[in-house]
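A short worksheet on the structure shown next.
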Amino acid sequence: MKDLTPVLILDGGLGTTLEDKYHVDFSSDKTPLWSSHLLVSDQATLLACQSEFANAGADVILTATYQVSIEGFAATKTPEWPRGISIANIGQFLEDAVLIASQAAPPESQIALSLGPYGATMIPSTEYSGVYDDEGVRNLSSWHYQRLMLFAKVPKLLSRINLVALETIPRIDEIIVVRKMISEQRSRFSGSSGDKIIGKLPQNCLPMWISCVYPGEDERLPDGGSVEDAVAAMLSSEVSAYVPWGIGINCTKVGKLASLVKRYEKAVQGLIDTNILVDWPSLVLYPDGTNGEVYNTTTKTWELPEGRKAPEVPWEIQLAEVVNATMSRGEWRSILVGGCCKSTPSDIKRLRELFPVAQDGLSDADTQDERIHDGLGSGSG
């Protein structure tokens with residue numbers, strides 16, 4: 001009998017929870033760092049919010065660094081920093097980001113360094129469109145390298161995180177850039193070796209995951225790249241001899257996951273069958289926690305598209321069904337599952353209840369189907 005795939009729980013939508021529950025106002029002009037702004041303005045609130053996700057049962061906590069950039073800090077003006085924050089002063093806030101995540105997480109949890117795409121730092125943000133300015137495209141590699149060096153220059157910071165999360169990547173060329181960058185800087189990451197949560201890394205496997213966003217109805221990246229091209233860019237030995245611990249999907253509607261995951265499975269198996277990839281990676285899934293709403297980049301609000309009804313099945317049940325289905329078909333090393341925008345600590349708590357922790361610290365799959373069936377009968381309330 002095949003061993004059950006370990007299921008781990010990721011946290012949820014930090015920025016939207018800060019907005020919705022903690023009443024934090026974000027805007028491109030006043031808070032260009034978005035959720036990372038709280039590293040400058042209100043660390044106590046940031047700690048409280050991240051602690052909620054940890055208390056909800058998350059095994060992995062992401063740092064509040066998704067929108068970190070040199071430009072974002074320079075544009076952040078507060079009473080204490082009226083002229084913005086220079087490169088020389090950024091390190092202290094990155095140190096605090098890892099410290100706060102560590103304080104929020106229980107000892108058995110792990111910390112993932114959140115790094116968004118170049119488009120997430122543009123004004124307006126373009127990670128959902130994949131449309132980058134000409135300078136950004138030309139300097140994509142150097143931009144990502146310079147941002148990583150902000151963290152690398154803080155003594156022992158990178159050795160204190162367990163995983164690097166390269167998230168919401170909308171373009172094939174950017175997948176290749178970030179993968180090569182982490183491969184070239186692999187000696188800087190030593191915190192994950194032998195960790196209970198992610199296990200001992202196989203040879204030539206890097207402690208990172210790369211996740212992509214699929215906002216359209218055509219199951220393509222925002223730049224038009226196919227699922228198969230994205231998986232190849234994330235895993236092919238032709239890009240780098242070093243492969244990530246995991247690949248995934250985030251900031252995408254939960255209803256689209258079932259089809260996308262099947263295509264991920266087929267693409268991975270194809271790479272293995274052609275000897276381009278040696279073994280299966282882990283799978284990381286953290287869709288938007290919305291009830292059908294879509295983010296309007298013009299109005300900066302979440303809106304239910306005209307003529308579309310909210311799904312009747314609860315978000316966590318939909319997500320758990322996808323996880324269990326891929327467990328029954330695939331060969332993933334493990335599955336890390338959580339939420340992205342609009343997913344709350346309550347959502348993560350209900351998801352955790354569907355994948356309870358066994359004595360070995362991993363999810364006990366014996367009662368998952370029963371719990372999901374019970375959830376389907378409880379309605380969406």
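Every residue gets a Cβ built from N, Cα and C, even glycine.
Positions annotated as Zn(2+) binding site by TrEMBL: Cys251, Cys340, Cys341. If you draw a 10 Å sphere around the CB of Cys340 (Zn(2+) binding site), it holds 27 other CB atoms from the protein chains shown.
TrEMBL lists 1-355 with the feature domain 'Hcy-binding'.
Per TrEMBL, region 'Disordered' is recorded for 362-381.
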CB contacts under 8 angstroms to Cys251 (Zn(2+) binding site), restricted to the same chain and 6+ apart in sequence, sorted by sequence, are Glu127, Tyr128, Glu167, Thr168, Val213, Pro215, Tyr286, Pro287, Asp288, Cys340, Cys341
